[in-house]
Amino acid sequence: MPGKLRVHELAKKLGITSKELLATLKEQGEFVKTASSTIEPPVVKKMQEHYQATGGAKPDTDNKPTPAKPAAKPGAPAPKPGTAQKPTAPTPGAVAAPKPGTAAAKPTPAKPAAPKPTAAKPAPAKPTAPKPATPAFSGPTPGDAAKKAAEDKATPKPGGEAPRPNAMPRPMAKPGPKPGARAPRVANNPFSTGAADRPGPRPGGGGPRPGGGPRPGGAPRPQGGQRSGAPRDGQGGPRGQRPGPGSGGPRPQGGNAAGAASQERQGGGRRPSPAMMPPTPGQMPAKAPGKGGRGGGQGGPGGGSGGFNRGGGGGAGRGGRRGGTAGAFGRPGGAPRRGRKSKRQKRNEYESMQAPNVIGGVRLPDGRGQTLRLARGASLSDFADKIGADAAALVQALFNLGEMVTATASVSDETLMLLGDEMNFKVEVVSPEDEDRELLESFDLQFGEDIGDEQDLAKRPPVVTVMGHVDHGKTRLLDTIRKANVGSGEAGGITQGIGAYQVKVEVEDDLRTITFLDTPGHEAFTAMRARGAKSTDIAVLVVAADDGVMPQTIEAINHAKAADVPIVVAVNKIDKPDASPEKIRGQLTEYGLVPEEYGGDTIFVDISAKQGTNIDELLASVCLTADAELDLVANPDMDAQGVAIEAHLDRGRGPVATVIVQRGTLRVGDSIVVGDTYGRVRRMVDEYGRDVDEAGPSRPVQVQGLNGVPGAGDNLLVVEDDRIARQIANQRNARKRNALAARSRKRVSLEDLDSVLKETSVLNLILKGDNAGSVEALEEALLKIEMDDEVELNIIDRGVGAVTQTNVTLAAASNAVIIAFNVRAEGKATEEANAEGVDIRYYTIIYRAIEEVEAALKGMLKPIYEEREVGKAEIRAIFKASAIGLIAGCMVEEGKVRRNATARIIRDGNVIASNAKIESLRREKDDVTEVSAGYECGMVLSYPDIAVGDKIEVFEMVEVPRDS
């Protein structure tokens, strides 16, 4: 069948019911919802093998020849009368022969006989009881048993005519096409009516059935009877006591379901299990006797007669109700018994009782130390999918742990680990590098390795990064090498972006190509310097001979060492009078850079970038280091891989990324993905603005055609087509968004909820810059500003390019300030900003932007007030006025007393009023604003409980400037 099978289709194919197949799937650990659910091919194969191994429908069809199928209907009662003992004498042996191993273990004659010694009255009626002992011989095969059964069916049996109407009216119509599959289940159908649902005879199941007479009390039960270990008690009467001989004569095959099931098993059929048909109260046999069933002929619901059991009595029968499952699985009838539990159910129950995992009334799964890998910024829904739990339960559990999180919100790493610890899960947050590698592997891509053999590799030019402190001459050095002037065009004379150049220089009469990267030296550009160190082969550390080792010099050394990049030191400005190259060598020795002349392995070159002194010697040292210490090779024939060292938004060209190809060849028209952006290479230009059709290893080019501005430092990868590039970029973008949301989300616990809800001063900023590196550096520098908890800096948006109307609209809605770094407002953005009252600040030097933002944050701080004493007075007399109240007659002892001032009232050294107001102040009969020391006055205080002798201290709160 094409496609996946559904449950009901597989059940039909196997010849079983969908309910039975669903139960088996659940027992095997395959959880399928409904009969219309699809099943994977491995599960289909597993079920087929399961039913073949347990003797299911398929093997039965092999063991039952075609002639036996039509004979099953009329022959069902034939083998069971008392007169059929002679022709079917060997049949019990045939029944037991297919299971010689179980003949001794299960149908042990001693166990069934032991509980029934009281049945001594019917002793003479079982002369054939010893015959089932014949299973000791090998016995005929199931095929022989089928032949014998067919012969028995062909012979008319007088005793079998009576029960025929109830024997097989319905079930054999179903198992007709697949008798081996349907026959055992029909006997177990609790919704059948009487013995009509009992299966027909099995191959080898035509053995003699005892008559209705009583059985000897100590006689062993025949082999084809019920299962071992459980005696057959009548389904209404007490165990071992039968009302008497069966009133209906010998029972047909359907009378004892246990016998039928046993014959089916011994005849090659599958073995039913209680888990396949869980008993329900409607299927259980009743404890109270029924109204009396037909002796033997009524089947399972009767008084327990039929098969190898004695005929049922009227008092013990249950013929009036629908068929039960007594004896269906080889167990006796009687009181209902709970179905057996699987080992998995028992183990799960035991483990849940041993260590219940309940958090705040929510029951959660126990991880038992299992390791979970979650992406950074994952939500509780992602967590719940991993462990198979309900996301709402995790939300409630986390709320009880003091964290308020929604099911779909990105959660911080600490919160994920906290929740994992509570459930005994070990949560591992996947690093961005591992996450990106797994993403590329899902598309059969990899980054960072050359593809091909060694003969495919070719030499490539070295990539050299010029690093050092600000104003130490890095850009001037590159200008001298390139014979150009770049530094004069930079704002403030400092480099605020990475410049990439490829120059051809003559070194020892050999024309060499070297790629140079110029990194910023200002402290705000730490990330740029680190990125430049990771993208390079050799680092040239420029140190001014007149300035010495500075903080950014040390930082550049650490970046180069972290990237495991060899360092060549260029001691610049040796032409200045106060230059001291030897001092520089001594200082750098402390940081592990020991000159060769001191016995170390670091090359030091004294240069003057301004005068052009020793520039050739520096280039020769760079080439020598590249040849001696590095094996600079790459495969130029593979798909290009590289890194974006800078990116910006050009108004006429759109997003432009400056990339260095590390391996392979980048061509116009290639589909590329750079970080979370993608596109097709529309145009490439070199550092001189000339169009380039292809760029080989170590070649810096500017790429146009991306759908957005990538981040500085993002990897460039050529993929097969735009569809793959778009999928990779979208997944990266979603992960980046989740990680950013988790990082920016402030953890709010119930304990600090009150303080969070209090009004705080927030400065919202929108950052716009000329390139991605500048925006990144500005954002990091602003976030490093240390302020009190009273104010908060919130960067709500950042981007590359001019200030647009969209930025102004967002700023107006969020009451934000726009910081424009090396860009201007375009179009009607300025008019809209003026109309909306949006403040746009323009900067060209980064530290000025940092200083002004820091000053703005300080201005947003709540003012600090301190108490300043104004004067002191003493109450000398108290006057009463009906309209005013108490009037204090005072003498001003120090300073001044002002009207509406705040006063502190002290009595016997204790403050009785700390914040009283001077509501009225008079001198003689005149209202005055203040009274100086040495004068008397009358005042009315807001605090009425005053007395003669009280001291009044008048003070005021004065705002003081903040130090920080």
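Our numbering is plain: 1 for the first residue shown, then up by one each step along the chain.
Placed from the backbone N, Cα and C atoms, the Cβ positions cover glycine too.
Per Swiss-Prot, the feature GTP binding site maps to 468-475, 518-522, 572-575. Residue density at GLY468 (GTP binding site): 28 other Cβ atoms are found within 10 A of its Cβ, drawing on all protein chains shown.
What Swiss-Prot records for 64-108 (among others) is compositional bias 'Low complexity'.
According to Swiss-Prot, the feature compositional bias 'Pro residues' maps to 124-133 (among others).
Residues annotated as compositional bias 'Basic and acidic residues' in Swiss-Prot: 145-155.
Positions annotated as compositional bias 'Pro residues' by Swiss-Prot: 166-178 (among others).
The compositional bias 'Low complexity' annotation in Swiss-Prot covers 220-233 (among others).
Under the heading compositional bias 'Gly residues', Swiss-Prot lists 234-252 (among others).
Swiss-Prot lists 290-333 (among others) with the feature compositional bias 'Gly residues'.
Look at Swiss-Prot and you will find 337-346 tagged as compositional bias 'Basic residues'.
Among the features that Swiss-Prot reports, domain 'tr-type G' is placed at 459-631.
Look at Swiss-Prot and you will find 35-353 tagged as region 'Disordered'.
Looking at the region 'G1' (468-475) alone, the prediction's average pLDDT is 79. As annotated by Swiss-Prot, region 'G1' applies to 468-475, with the evidence given as similarity to another entry.
Summarising the annotation, Swiss-Prot assigns region 'G2' to 493-497.
Swiss-Prot lists 518-521 with the feature region 'G3', giving similarity to another entry as the kind of evidence.
Here Swiss-Prot flags 572-575 as region 'G4', drawing on similarity to another entry.
Secondary structure at GLY468 (GTP binding site), taken from DSSP and collapsed to helix, strand or coil, is strand.
In the shown protein chains, 16 other C-beta atoms lie within 10 A of the C-beta of ASP471 (GTP binding site). Neighbour counts were taken as the number of other C-beta atoms within 10 angstroms of each residue's C-beta; across the binding-site residues LYS474, ILE574, the minimum falls on ILE574. Across the region 'G4' (572-575), DSSP helix (H, G, I), strand (E, B) and coil residues number 0 helix, 1 strand, 3 coil.
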